[in-house]
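Here TrEMBL flags 329-381, 414-455 as domain 'HAMP'. According to TrEMBL, the feature coiled coil maps to 366-410, 552-589, 617-683. Residues or ranges marked as region 'Disordered' by TrEMBL: 468-507, 771-1024. Summarising the annotation, TrEMBL assigns compositional bias 'Acidic residues' to 787-797, 881-892, 904-920, 950-963, 973-1024.
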Amino acid sequence: MDVLRRLVPSAIRRRYAVKFGIVLLILGLGVGLVGFVATAGITGEVEERVESDQTSIASQEAQNLQMWNEQNEHTVGVIAWSDAVESDDPETIEAQFLNWQEHLDADTSAISYVDTDEGTVLASTDSDVRGESTDSIEGIPADAYEEATADVPWVSSPYTVERELGDDNVAVMSYVLSVPGEDDRAIIYTAELEAYANQLADDEHVTTMVLDGDDNVMLDNVGYGDDHETLGLAYGGDIDTIVQPARTDGAGTYQIDGSALSFDTTAYAFDDDAYVVSSARVLGTDWVVVTHEPESQAYGFVNTVNDWGYIATLIGVLMIGLVGAVLGRNMAVSVDRLTHKTNKMEEGDLDVDLETKRIDNIGRLYDGLDSMRVALREQIQEAETARREAEQERERIEEINSHLEEKAGEYCSVMGDAADGDLTARADADSDNEMMAQIGEDFNQMLDEIEQTVAELNRFATDVATSSEQVTASSEEVRSASQQVTGSIQQISDGAEQQNQSLQSVDQEMSGLSTTTEEIAASSNEVADIAERTVNTGADGQEAAHEAIAAMEEIETEAGGAVDEIRRLEQEVQQIDELIATISEIARQTNMLALNANIEASRSAGGNDDEGFSVVAKEVKALSEDVAKAADEAEDRLEAIRNRTERSAAEVEGTNDQIENAGEQVEEVVDALEEIADLAEETNIGVQEISAATEEQAASTQEVVAMVDDAASISEETTAEAETVAAAAEEQTAALTEVTTSASTLTGQATQLSEALDRFETDVDPSEFEIEGELSGDDSPLAVSEFDTELAFEEPAESQTEGLPLDTGPANTESSVEAEPMPASDTTQDAPTEAGEPDDTAGEISAEEILGIDGDAASETPEATPDETTGADADAAADLFGDDDPFGDDAADPLGDTTPPADDTADPLEDADPLADDAADSSAEVAQPLEPVEDDAADSSAEVAQPLEPVEDDTGERDDQADIDAGVGTESVQDDESDAEDADTDDADESNESDAEDADADDADESDESESEDDVFTFGNTDE
């Protein structure tokens, strides 16, 4: 202030009017500045609100277009699933389509039912394409039918078609959906875009566009211009600034210069200097809705608010200046007069005239000074009397202080004894001072509570040690059960490995069968060649018959023998036909078995039947052996035919020398040879059919080999998954070992706490209190119910796989999967499970559940909610039990985790205070830790203790090895906190009192200083 006084000229400091004028100027400038700033702030807020409204409008348009698109997709889906389409009757379908078109919205243009294989329109509401090729439907390319599925329709780009009534065109888009169960049938639903355009916001100065994935105009609110010139037009704005952010970041509003909006059409008139552009993506598509509004129109209200704000600010400044000038002059004159009179009073003239006709503040100031002048004489007389009374009061206060110091010494002595461990010491509360007596009584009561708290803590530490030993024993049992689970899973892995080896053997056998079948086909081709040569030989025999006219009598006997041989050949051919029929039947059965193998392979992939595919593979092998035997027999038959044919040819050649003497019988020989040629031709045809059938069988065998390979791959994957589960079980066993170690450490620390509390001397009888809320109530962090786990393997039923039953013993398994704990006292009672069975009923873990496969047995078990899982840190446990919890709510996992992990890298035994509330987080890296149950009396601290989280069935809680590091209990923590708060409050009170005294002193100093020194803006006359 001294520096400021030196800076302000004396001429200003001495004159009230000058200082008032300066203050008035500063006030005017401040009001003006506030007005301008407030106006700018209001303008910015209104602009943000306008931009938010523009964004909301664009988002609403995008949402409406999304609903329209989804409605069209739903409509084409309903049509595809309708009974009329399922009948596949074109007349019925067309009648139903016409009925739907009549009752659907006005934006339905056409509905068609097409045959995609034949490329024809079977039924349609459009008479121009009815019965025509699918190429006659505009806007639908050929690959649209291949891309369309029975679930997701193919959507076309907008295009124009002629109206049925009228010559003008209309913009439409089509939806193509494959008919469910019919791959060669499809539904084409065509909707009018222009009908939806009427729903867009229609404002004279607002231009709305809908852009497709290529940023071309597919819809607008200007009617597409003349002759649909804007349909498919490239967007003329900044794509990266307006369109792309809508697809990636969401809806937004931007201020764009009018020159940045350039379109090759006159349909869009962007003549203003600046525009407010909003864009929003249509969900489920790559479409973007873009609205354009002139900035002058969008911010019209903003400009009005801005102008009137400035006008109001100027008017306010002028009014302040005018009123200040009038009031300041009157005030300055009155203050100058009053200053002159007070100067006289200061000089000792107490008879100065202080009367005035004013009744305002100045008048009351005159009256006050006059009263002060009169009272001044009286105060001078009373001051002497007050001084004597003050001396008497000082002596009385000294006596009181002496008594207070004596009682404080007594209290300090008792406090020292209590601090040394003697909690039986008590203070004498008798005192003449009521507050000191109250302090003594409160202190004695506090010692009583501390004494009882120490006794309770001592008993509590003993119970903690006992419960920790129980936790150690239970953890040992669970670890033993986990080891049994590991061995069982290893047996499953070995069985899967044996199954894989069996499938590899089947694969080798099927490959051999395929090779044998191919050899049969090659042999059949050779037989066909021999039969063809037989036909040629018969032709040569006819020519030789003409030369044997003279010897026909001698050749008749030979010809008869040849006829007999040929008849036997017919019989052999008949037997070949039977063999062919047998091979065909075997091939058919092989195809059926291949289909069954495919089905069984699918079932094996689901894990429902481990033996079905093995049986089918054995049947395929047996049929393959039958095919091999039939092929060998066919080969023997064909060899016999070949021998007989050679003998017949030899006999015919032997008669060539006698044919010249048998001319009269040549015609009979010619007929016989023609018959031989015909039979040989039939033999050739039959053998070729055998060859074709054998080749088909070889192809089928190759398919079976491929299926066996797939089954072998699945078996290998099953083996790998079983090994992974075994590894997870081993990790769980290791985690349980750590739990046991931590519980043992907790026992030792509880013992140390008991020894630390023994140094306090108390007179409390332990039988006078019960710690119900700490070991058996809702707040017990260590109440543990005994539970037994038993793992046993049972023989599966016909449709079930091998399971792992888990017996939880007498423990109450009715547990909520919520993080909220249940009272430990309730866990000692047996409660029925959701299925109505006792809690001790063993829950089975089937092989499907161990492998993470949903089976029939696992489907009856409720699935675990996402809150029950522990995230990435519980991968091993999740692999072991899968998503389908085999225990559910009826047999809770002893290591189940009911809270999400606090830290991905935290130890399974999370650090927390055993007296902390139940909101403490935990980590479930391998075994799911236990969550402590405690009231909210104390805050958790990582430096104090580390609790275990409760088991999922709420049978009890366990603490970590650092639970008792601080050596304090619930009451002590609360008392410490209370003492700390009281101390803080006392300190704060003392600080406040000190501050108040300092402030009073400062005020007094300032008051004294103001009496002796003039302030910078002290209004009054100075030495002039």
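Placed from the backbone N, Cα and C atoms, the Cβ positions cover glycine too.
Curation does not apply to TrEMBL; its annotations are automatic.
Counting residues per DSSP class in helix, strand and coil order gives 28 helix, 1 strand, 13 coil for the domain 'HAMP' (414-455).
In the region 'Disordered' (468-507), the DSSP tally of helix, strand and coil residues is 40 helix, 0 strand, 0 coil. When the domain 'HAMP' (329-381) is classified with DSSP, helix, strand and coil residues number 39 helix, 0 strand, 14 coil. Model confidence over the domain 'HAMP' (329-381) stands at 79, taken as the mean pLDDT rounded to a whole number.
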